[in-house]
Amino acid sequence: MYIPGPLRLSSYLLPFLSSPSPPAQSSPDTRTISFKPVHAHGHAFVDNASTPTLLFLDQSPSASLYAHDYPIGAFGDDYMLPRLTSDVLEIRTRKKLIRRPKVRPPRIISWAQSYRAQALHFNGINNNNDNSNKSISLPESWLAPDLANPSDEWSDVEVTVPDLTDRQTVITLAKMSSNAYVTPGGAGWYTLNDWNASMPFGWEPDADGLRGHVFADEKNETVIISIKGTSAGVLGSGGPTAKNDKFNDNLLFSCCCARVDFSWTPVCDCYAGGYKCGQTCLEDALVSESVYATVGTNLYNNITYMYPNATIWLTGHSLGGAVSSLIGLSFGAPAVTYESPGELLPASRLHLPLPPGMPANLSGITHVYHTADPIAMGVCNGPYSSCYAAGFAMESKCHTGETILYDTVRVKGWSVDVRTHRIEEVIDKVLADPWPEEEEGKSGVWEKAVEGWYRAADRVRAALDESVVRDDVNVWWGWGRRGPKRQPGGEDPKHGGVPKPVSEEDCVDCYKWEFGEWN
């Protein structure tokens, strides 16, 4: 909240003019912060290496900090670093409780490792003779806390998070997510004055792995990691990360290794015929180092090492949003995603903390998306969908944490179209307008949208398939800039106008499939 100068001055004079009172808190519940550039961050797979290499680069190469032994020349010259000036963009913050384990896990896969270790111990299985643990090595010390006893092994910690009731904050984070797609200094950047466009990780010419940027405020008290989404086929213009993007989309968001039908090549060997799939096999595949969720562990750990006293946030669009959410769930970090596919499916396979032990409002995860996006809504599947045609098995629809759902189909009259998935469309045509508040006495539109997920998804999928069958998708283009109507004489408020977050409590993925041990 912005406090004018006279009010700030009065806060110093009041103690002398009034009777003593209990001391106030050191910081207000809501405040606004801004950022400036400081670093660059690179990530790549070097020759004959099974794990990715990370490096951090300051504005001056002489001040570079290496996370691993990696030649600085491979990143590029100083001209690749962002030089951002222009409009001031700010983020409003507030305090929020987030549930975290008292002992922090070393990695994302530590949750799966701990689950496997406890299962083996409970069943009396000797790990040395068990062939099901080739990919998941068991942890030496860390054990996942019991969600049934939150008071003993968990802490509800008050942390600073982005205030997502503030529309400008939602827009600023979305622009950071958009910037994760673009090479620093290249076309498409949103200029962020007083924000730190730092560490553009993964932008080496031959890098095909995790990409994005890191932002930090002037005091290094808040650091934001933005992660790039998919850059291939139906979702973008391609690029060096296209192959890895598609592989990870199909591994994370498909029911069983992207084995959609006989014509598809699976991304793992877990299919057991019919609608059966190997559960342990899927879990092993998800902890592979080629998966962005595990690569993100190295990124998060290095950022926390560089900024040990900072609050770390994550944000991203599409695949980048899902990866941000998985990292946030693993380490108890706030994450805001945009148009993310449903990532409850991979989160459950990684045994990350989920309800009922982890309440949605204490997870720190918030998903922002709209009802005309078939990918985020989980309906971009089936033989007539654009995702199927491009080779993407986007079969999941359920999200962790809380959801801010923009009902663009009802309010704006949009039709379901994969092109509305692009982050630029979301920023310019969804977030730019203040959203209408719910009329008093009426039940929540967002609660209804989530509670009736199956019915809504089936209707949207049928409409999407029908549009392609008619071959009139170019005519079926109902998502122009038509926003909520303003009151006569009213102004466009900069803040507010954001739907209320709700949890997707009744959502179920892959209901046709049966998961178990079929070997």
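These residue numbers are counts, starting from 1, taken along the chain as shown.
Yeah, the Cβs are placed from backbone N, Cα and C, and that goes for glycine too.
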Among ranges 6-26, 237-257, 426-446, whichever one Swiss-Prot labels transmembrane segment: 6-26
DSSP-derived class (H/G/I helix, E/B strand, else coil) of SER318 (active site, charge relay system): coil
Residue among recorded positions ASN309, SER318, ASN361 with Cα closest to the Cα of ASN220 (N-linked glycosylation site): ASN309
Nearest of the recorded positions (ASN302, ASN309, SER318) to ASN361 (N-linked glycosylation site) - Cα to Cα: SER318
ASN302 (N-linked glycosylation site) CB neighbourhood, other CB atoms within 10 A: 21
Which listed residue (SER318, ASN361) has most other Cβ within 10 Å, given these are recorded positions: SER318
CB within-chain contacts under 8 A for ASN309 (N-linked glycosylation site), separation at least 6: ASN220, GLU221
